[in-house]
């Protein structure tokens, strides 16, 4: 398994959708997610949902996407309490589909 992961890991571009549950609204979660994504060289978006979660999409080099996934799972903004981070629609892409990493209203 490790060998298969090492090959192709960190190569190419990935796109993944995410949804984070817990205490993630009203705690600057979107702003921190945007900052972390930009630091990692990723593009995409983040927004609050009407049912109290934060969701979005991240795209960029595989290694950066993996790092953001870990951050969304464990870290988040200083005041947040993450109960669950779910990832879906992971796919390899040949070009980025966003210009920047934006906070959507």
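The backbone N, Cα and C atoms fix where each Cβ goes, and this holds for glycine too.
Here the structure is a predicted model, which means the values were calculated and not measured.
Under the heading domain 'Acylphosphatase-like', TrEMBL lists 15-105. According to TrEMBL, the feature active site maps to 30, 48.
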Work through the active-site residues one by one (30, 48) and point out the residue whose CB has the fewest other CB atoms within 10 angstroms. 48
Average pLDDT across the domain 'Acylphosphatase-like' (15-105)? 98
At the Cα level, what's the spacing in Å between residue 30 (active site) and residue 48 (active site), rounded? 8
